[in-house]
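Asks: Taken from Swiss-Prot, the feature transit peptide covers 1-28. Annotated Zn(2+) binding site per Swiss-Prot: HIS104, HIS108, GLU205, in sequence order. Per Swiss-Prot, active site, proton acceptor is recorded for GLU107, and the stated evidence type is experimental evidence. Among the features that Swiss-Prot reports, disulfide bond is placed at CYS119-CYS556, with the record citing a curator's inference. Sequence annotations record features per position, and here Swiss-Prot assigns active site to GLU180 based on similarity to another entry. Annotation source Swiss-Prot lists N6-acetyllysine at LYS759, LYS770, LYS884. Residues or ranges marked as compositional bias 'Basic residues' in Swiss-Prot: 804-814. The annotation region 'Disordered' is assigned in Swiss-Prot to 804-834.
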Amino acid sequence: MWRCGGRQGLCVLRRLSGGHAHHRAWRWNSNRACERALQYKLGDKIHGFTVNQVTSVPELFLTAVKLTHDDTGARYLHLAREDTNNLFSVQFRTTPMDSTGVPHILEHTVLCGSQKYPCRDPFFKMLNRSLSTFMNAFTASDYTLYPFSTQNPKDFQNLLSVYLDATFFPCLRELDFWQEGWRLEHENPSDPQTPLVFKGVVFNEMKGAFTDNERIFSQHLQNRLLPDHTYSVVSGGDPLCIPELTWEQLKQFHATHYHPSNARFFTYGNFPLEQHLKQIHEEALSKFQKIEPSTVVPAQTPWDKPREFQITCGPDSFATDPSKQTTISVSFLLPDITDTFEAFTLSLLSSLLTSGPNSPFYKALIESGLGTDFSPDVGYNGYTREAYFSVGLQGIAEKDIETVRSLIDRTIDEVVEKGFEDDRIEALLHKIEIQMKHQSTSFGLMLTSYIASCWNHDGDPVELLKLGNQLAKFRQCLQENPKFLQEKVKQYFKNNQHKLTLSMRPDDKYHEKQAQVEATKLKQKVEALSPGDRQQIYEKGLELRSQQSKPQDASCLPALKVSDIEPTIPVTELDVVLTAGDIPVQYCAQPTNGMVYFRAFSSLNTLPEELRPYVPLFCSVLTKLGCGLLDYREQAQQIELKTGGMSASPHVLPDDSHMDTYEQGVLFSSLCLDRNLPDMMQLWSEIFNNPCFEEEEHFKVLVKMTAQELANGIPDSGHLYASIRAGRTLTPAGDLQETFSGMDQVRLMKRIAEMTDIKPILRKLPRIKKHLLNGDNMRCSVNATPQQMPQTEKAVEDFLRSIGRSKKERRPVRPHTVEKPVPSSSGGDAHVPHGSQVIRKLVMEPTFKPWQMKTHFLMPFPVNYVGECIRTVPYTDPDHASLKILARLMTAKFLHTEIREKGGAYGGGAKLSHNGIFTLYSYRDPNTIETLQSFGKAVDWAKSGKFTQQDIDEAKLSVFSTVDAPVAPSDKGMDHFLYGLSDEMKQAHREQLFAVSHDKLLAVSDRYLGTGKSTHGLAILGPENPKIAKDPSWIIQ
């Protein structure tokens, strides 16, 4: 996977927070792993390594142990923490000097087989032989990273063995280079009369990556700002340069870069360090001697005067104003990222300058009305040896470029003169405190990503983690010098000659020109071929296709057994209490480390149909327009000072036992430090009772930003949009899902953003509020520590008593609704007093008839996103478990080969969603009709039963790695709260998964997937297609 450096440019605040994944077993009452690690001493010799440093980092609840390998100089960092989700990564400094994508293609190819594991594609095969919680690889601008995580010690050793052998002893076969990188091959490999074309997984991945205008801008920004060395090229590969790479160059790059002396090893979690060191030394490092790698990235020579560049990109078919598609940014080179305190300071300074409606650049640029959103890579970017800061606007008219530049200069001058309000600095430091306390499930992955760039350039990763020290030093600097931050702005922005102004405008013929350049390159390559070369290409194509089609013997790979899977799920204890009369509140006591997580779910059943499309917009702006006596700026300030965020999002929740029944509503989510709980609940009270819908100008700004973000997200999420549309007509919930989250919503937001008079839309918001922001049809959930619960119950009760209730009961808009009690989650009524359980009010459509719809969304992309959906059965039906295993089996044993290896798409597969929709999909795919045919062949393959018990067991392991993914303390009990799933229901489903057999898989593949057995929906996002255009059964949009 390629990481465009600029796209990862998040400040320290976001890089350590870790998202909303799941976690399973946290034991914060014990710090055994940390205490064990503190027993190591400086100079200790362990399995060929020497301990260099042992440091406690209490703010992150971990102990850091730094080591060096004696014979090779390989560096090692172990972060001991009482977290069962253990992670390993190995990182190499990879510094390409051209845009052939050599580090990226190498990252793909090393995972295709190694000396100890010579079978083809051990990486993808291990996905099905492991209970890993994460497995992947990333190519950044100047390093390549190979991480995995798992909760199982035996699994950790298995995966470590595969990763070590892959990275240090790969086969690097020529056919694997052809498949993963690029090749010349006949359009139909078995027919030498068909034309020769470029193929390859990375080739197509990068063609897809550069359909994204933000990516194009980010890449050029880095290339132009840092032009002297490796940052001047595209590490992932420019599709027009990739065909210049040879197999010999690939092998040479591995020999010079993938050596222990150029490696950094990282482990995290509660598994013992000694076992890791022993295995790494014995299986890999003992076979090498130290070398001096010549991979150091030199400092960029500073400029003596600013520079300007103009570039072009493809048109945005979702632009709210076709005459406003220009992007401009001004960027400044900053100091070396290994100066950790300066990097920390500039990261915070960046947030003060650009984050939220109170920031100077938001006021000057976003609220100017000149553009739709900040330019890509806005803020601090610390992923290159020297960091950079960038700010600008996208969605502007070309004539406004100079205006934006002068606004940026003027804003810098104003900040130098006036500085920042104390409250904004406090809000920022409060945010860091929250993110140090918030426990994510993928914390090891967050940490390895956070330290990767600094460590890559020989900075001290442990110093980077000591956020407490840096915060204290930051406060001290501010105290000693109130103009500390203003002086930094003056030094790095006002007086900095290393300043780049980059502008990008659309060219209607951009993709056409790219295609012409590719065609010219192809023509040159083909014309240079001798008859012998052509014959060899044809034979190699047949050989590759033959190899891809052969059954693979993966017996050399280590594997867990189904018996290694835990037979039962851990019990989650919940209390449900009726509060303020009849509102159920679910309390889940968890080790949340002084944090409180509050959520509320409010039904949309009484909302008139014509208002439903506007619910996502309502949710997006609800916490951003002001409330009570607070205007939107004051509200933003209070939210940052008192909470870790407050948000609302529309949800369509399937019923667990009926396909035509669902729940519709809005989920309100928030988190805070326990000391701020009354303030957070008071903010919710004001938002519910007195939201402000009068700020027309700010509403316009928010609408434009939302529309721009949706349009920008299509290239990365095209397969999801295709799948949502394909499932639209299969269930009643599918249509609502399309309205809330599909291409319909993208297009609606585009239309709203284009409106000259936005008042009619603004007037809809109070109407939605009447149906949504009250105590009718609401339920709440709280996750906090047991000690916090009494205070929490009082604050939640005060909030619920403060919000309005309808004077008379509103009737649901849909005539058929059913009240469904949610079963208690921990057996019987032990934790749920009689009459206190959650009642879900579901919408039922008894007369619904699914029907087939085929949609082709025309997009100016050179690749496609394909989705086919099939209606099957709900969660509690025993067949649901069999279909879940079947989807994994079809992906691993058939679709991966057909769609990725043979077809050249970046990704593809099958999945069964909780709502009973079975989806076949592809991602960044050069094909359409051929992919749909592959979906059909996959069904035929499943019905033929050509899979073994070993295949079924591997599919079960893969499914259970998802089912048993870790759940964070903040998210425990959410399945029960949102979906009504009790522990007993989940255990029953677990037993159904264990019981899936060959016969059951054959039965469900025939019963649901065969032609004419169930209703199918199809959708494609991509360029024009003559075959589809001629087929009247397709709707083209």
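Every residue gets a Cβ built from N, Cα and C, even glycine.
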Asks: Between HIS104, LYS759, LYS770, LYS884, which of the recorded positions has its C-beta surrounded by the fewest other C-beta atoms within 10 Å?
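Replies: Ranked by other Cβ atoms within 10 Å, the recorded positions HIS104, LYS759, LYS770, LYS884 bottom out at LYS759.
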Asks: Note down the number of other Cβ atoms within 10 Å of the Cβ of the residue listed as 'active site, proton acceptor', including every protein chain shown.
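Replies: The answer is 26.
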Asks: Neighbour count, 10 Å Cβ-Cβ cut-off, for GLU205 (Zn(2+) binding site): what number do you get?
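Replies: Excluding its own Cβ, the number within 10 Å is 27.
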Asks: Counting only residues 6+ away in sequence within the same chain, which have a CB under 8 Å from the CB of GLU180 (active site)?
Replies: ILE105, HIS108, THR109, CYS112, GLY200, VAL201, VAL202
Asks: Starting from the Cβ of CYS119 (disulfide bond), draw a 10 Å sphere and report how many other Cβ atoms land inside it.
Replies: 16
Asks: Does DSSP put CYS119 (disulfide bond) in a helix, in a strand, or in coil?
Replies: coil
Asks: Between GLU205 (Zn(2+) binding site) and LYS759 (N6-acetyllysine), how far is it from one CA atom to the other, in Å?
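Replies: Distance between the two Cα atoms comes out at 43 Å.
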Asks: Using only C-alpha positions, which one of HIS104, GLU107, LYS884 is spatially nearest LYS770 (N6-acetyllysine)? These are the recorded positions in the record.
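Replies: That would be LYS884, the closest of HIS104, GLU107, LYS884 to LYS770 (N6-acetyllysine).
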Asks: Please identify, among the recorded positions HIS104, CYS119, LYS884, the one with the smallest Cα-Cα distance to LYS759 (N6-acetyllysine).
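Replies: Out of the listed candidates, the nearest Cα belongs to LYS884.
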Asks: Nearest to GLU107 (active site, proton acceptor) in three-dimensional space, by Cα, is which of the recorded positions CYS119, CYS556, LYS884?
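Replies: Result for GLU107 (active site, proton acceptor): the nearest of the recorded positions is CYS119.
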Asks: Calculate the distance in Å between the alpha carbons (Cα) of LYS884 (N6-acetyllysine) and CYS119 (disulfide bond), and round it to a whole number.
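Replies: Answer for this pair: 27 Å between alpha carbons.
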Asks: Give the helix, strand or coil assignment DSSP yields for CYS556 (disulfide bond).
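Replies: Its secondary structure by DSSP: coil.
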